[in-house]
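Record features, source TrEMBL:
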- 50-91: repeat 'WD' (REPEAT)
- 92-134: repeat 'WD' (REPEAT)
- 135-176: repeat 'WD' (REPEAT)
- 177-218: repeat 'WD' (REPEAT)
- 219-260: repeat 'WD' (REPEAT)
- 261-302: repeat 'WD' (REPEAT)
- 310-341: repeat 'WD' (REPEAT)
- 342-374: repeat 'WD' (REPEAT)
Amino acid sequence: TDVTALVEEIQNREPLITVSYKEHVIHLVRRLQEKLGEKKDHKFYLFKVLKTHILPLTNVAFNKSGSRFITGSYDRTCKVWDTASGEELRTLEGHRNVVYAIAFNNPYGDKIATGSFDKTCKLWSTETGKCYHTFRGHSAEIVCLSFNLQSTLLATGSMDTTAKLWDIEKGEEIVTLSGHSAEIIALSFNTTGDRIITGSFDHRVAVWDVDTGRILHTLMGHRGEISSAQFNWDCSLIVTGSMDKTCMVWNAMTGTHIATLIGHSDEILDVCFDYAGQRIATASADGSARVYNAETRKCIAKLEGHGGEVCFNPKGNCILTASSDKTARLWDAATGHCLQILEGHTDEIFSCAFNYKGDIIITGSKDNTCRIWH
C-alpha cells in the first residue's frame, strides 16, 4: 500500500488527525507494514522452568509489554515475576482461600487484581505489592474478573449469580449486575468501556450498560452452560462458546443472533477473536481447535489433536493452544498446520499467553510450574 495516500485518506475521514500528526501516523503505518512483513518462522525454546507455588496454579497473565507476569494458585497467593530473568519479584498474600482469577490493569500494568474463593477481590500495587483495597460484597466464590481498558473500573463475576463493578480509585462498589439465575463464569468489557458482557451457567449471556447497571440485551440461544464470551476490538460483535458444542456470533449493538459456528463434537471450552476481529478461534473438549472467518463464518482451519485454552498471537497469524495432554502447540492460523509443540510439562496445561510482541510465551500447568518460552 502507498502509505502516504492511505494516511491522507484516513485524514479526510478523521478530523482529529491534523497536519501536525500526519508524519507520526505515516511512521506508525510504516512500522505496522514492517511488522506484518516479518517472517513468522520464529521457533520457541524453553527459557526457564519456574517452580512457582507449593500448590497447583490457577492462572497466568502478562502485563502489556510482557516484562512482568503473574501467577495465581491454590496456595492462596499471587506471585509477580520478572519475565526476562525468571525472578520472583513479590508474593501477594492476604486471601484466605484459592486465588482463582488474576489480571493486570493493561495497558498500564501498575495494578493487579486478584479474585478468590474467599469471596473477596483485592487490588494491589504492581511495584510495591501493597494492597490498596479489599472489595467485599459477593456471597460466594469470585471466579472471573476484568479491568476496563480505561483502568477506572474492575468487574468481578461470582458463583453467587451476580457481577459487581468497583471504582478502582475509591475502592467502592458502584453497582451490582443482577439478572442471571446461575453462576457467572465469564465477563468481558468492550474497548470503549461502556458495555460489559457476562456469561453464565444459566445458558445466557447478558449485555449490560456500565453506567446504569441495566441489562440491554440477553443473548438467548445456547442450550448449555456458557464457557466463554468476548467482544471483538471494534465492539461490533460478540462471540460466545458453550457446553452445547456450539459457538455463536451476535450483533453487539442489537443483541441479535448472527450465526452459529458448528463442527465441534464436544463442549466448547474457549473462544476468542484475533486483535483485528477478522478471525475467531474455538477450542473444544473434542481434542480440536478451529479457526473461522468472522465475516463469512466459514471454518478456514482445523487444528487436530488438541483442545483446551486458545489464544491468537498479537499479529493474528499464529494460534497457541494449551491442553490436558501436557503440551502447548503453535499453529498457523491460515492453514491449521502445527508449527511447533512445546513439551516438558508433566501435567495438564490450563493457561497460556503471548506477550504483546508475540515473541515470548508463558504456560501454566497443574504440575505447579510455569514455563517461559522465547
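Cβ coordinates are placed from backbone N, Cα and C, and glycine is handled just like the others.
Curation does not apply to TrEMBL; its annotations are automatic.
If you look at the repeat 'WD' (177-218), the same-chain residues 6 or more away from its ends with a CB under 8 A from one of its CBs are 140, 143-150, 152-153, 155-165, 224-231, 233-235, 238, 240, 242, 244, 250, 252, 254-255.
Residue counts for the repeat 'WD' (50-91) under DSSP, split into helix (H, G, I), strand (E, B) and coil, are 0 helix, 24 strand, 18 coil. Secondary structure of the repeat 'WD' (219-260) per DSSP, as helix, strand and coil residue counts: 0 helix, 22 strand, 20 coil. Each residue of the repeat 'WD' (261-302) gets a DSSP state, and the totals for helix, strand and coil are 0 helix, 23 strand, 19 coil. The helix, strand and coil residue counts that DSSP assigns across the repeat 'WD' (135-176) are 0 helix, 23 strand, 19 coil. Across the range of the repeat 'WD' (342-374), the DSSP-based residue counts are 0 helix, 17 strand, 16 coil.
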